[in-house]
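The ATP binding site annotation in TrEMBL covers Gly9, Ile10, Asp11, Gly12, Ala13, Gly14, Lys15, Ser16. Residues annotated as domain 'Thymidylate kinase-like' in TrEMBL: 8-196.
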Amino acid sequence: MGIFVVMEGIDGAGKSTQAKLLAKWFEKKGYEVVLTKEPTDTAFGKLIRRLVLTGGKEGIIDGARISHEAEALLFAADRAEHVHKLIKPSLESGKVVISDRYFYSSLAYQWARGLDLKWLIDLNRFAVRPDLVVLLDLPVKESMKRINGRGIKTEFDKIVELQKKVRENYLKLAEMFPEIKIVNAQNSIEDIHRDIVGLVEQEILSKV
Ligand SMILES: Nc1ncnc2c1ncn2[C@@H]1O[C@H](COP(=O)(O)OP(=O)(O)O)[C@@H](O)[C@H]1O
Ligand SMILES: Cc1cn([C@H]2C[C@H](O)[C@@H](COP(=O)(O)OP(=O)(O)O)O2)c(=O)[nH]c1=O
């Protein structure tokens with residue numbers, strides 16, 4: 001079996017930056033790496049971007065044209081395809097899978113939209129558990145500074161409020177799921193990478 005690592009955190013926390021660095025680190029060590037993300041680039045992911053993420057690339061504006069339940073189901077459908085077509089086969093052939101977001105995003109965000117956490121956990125029960133989930137944690141103010149350049153100009157206060165709730169949800173989830181490890185995402189890119197490598201060594205490589 002391969003190794004499955006997930007990056008989680010609010011928008012702008014540094015997930016894609018750290019996912020890429022970790023992928024390179026594993027490759028240097030001779031592993032075959034699959035770097036992937038959710039929402040995916042498949043037809044389901046495209047549907048989500050069209051129906052749910054109406055606020056532009058960040059998708060954090062609550063302008064959803066569909067119900068929150070339908071939104072949660074679409075994310076779960078996208079994830080089911082992701083798990084069955086890419087994640088499981090890659091792990092079975094011994095590869096390292098690094099995913100930028102996974103079902104913890106559904107728990108943090110769709111819970112913040114008011115959905116029932118237990119229903120969300122049940123809905124995502126098909127999703128194989130990662131070996132390690134890195135929660136990149138930082139204050140919303142800092143993350144907003146980072147993604148300012150992405151062009152959010154409208155509904156700023158609403159976005160900040162939602163992101164704060166999502167951050168709190170992630171921290172609560174970290175107490176419920178032992179695979180989630182919190183990393184301080186306010187440090188430099190290099191320091192965070194070093195922390196993540198430390199977790200990979202401690203939580204995964206030392207155990208195989
Ligand atoms: N540790 C860091 N310190 C400062 N800026 C960062 C850091 N990590 C990432 N960034 C920058 O912040 C922005 C968001 O990072 P990104 O990796 O795209 O976040 P996410 O994938 O979580 O949305 C990018 O412009 C990136 O270069
Ligand atoms: C995977 C996932 C993402 N999201 C949200 C988090 C982000 O605000 C948004 C889009 O994710 P994001 O990582 O910004 O993807 P991209 O840049 O490729 O569009 O979707 C959910 O609400 N639930 C989920 O299950």
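Each Cβ is built from the backbone N, Cα and C atoms, and glycine gets one as well.
Because TrEMBL annotations are produced automatically, they should be read as predictions rather than curated entries.
Feature map: TrEMBL annotations on the structure.
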{"residue": "Gly9", "record": "ATP binding site", "contacts (Cβ under 8 Å, 6+ apart)": "Lys15, Leu135, Leu136, Asp137, Leu138, Tyr170, Ala185"}
{"residue": "Ile10", "record": "ATP binding site", "contacts (Cβ under 8 Å, 6+ apart)": "Leu138, Val140, Ser143, Gln163, Val166, Arg167, Tyr170"}
{"residue": "Ala13", "record": "ATP binding site", "contacts (Cβ under 8 Å, 6+ apart)": "Leu136, Asp137, Leu138, Ser143, Ala185"}
{"residue": "Gly14", "record": "ATP binding site", "contacts (Cβ under 8 Å, 6+ apart)": "Leu136, Leu138, Arg146, Ala185, Ile189, Ile192"}
{"residue": "Ser16", "record": "ATP binding site", "contacts (Cβ under 8 Å, 6+ apart)": "Met7, Lys37, Asp100"}
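Confidence for the domain 'Thymidylate kinase-like' (8-196), expressed as mean pLDDT, is 92. Among the binding-site residues Ile10, Lys15, Ser16, the ones whose Cβ sits under 6 Å from an atom of ligand 1 are, in sequence order, Lys15, Ser16.
According to DSSP, Gly9 (ATP binding site) is assigned to coil rather than to any helix or strand. Candidate binding-site residues: Ile10, Asp11, Gly12, Ala13, Ser16. Those with a Cβ under 6 Å from ligand 2, in sequence order, are Asp11. Secondary structure at Lys15 (ATP binding site), taken from DSSP and collapsed to helix, strand or coil, is helix.
Cβ-based neighbour count (10 Å, all protein chains) for Gly12 (ATP binding site) stands at 24.
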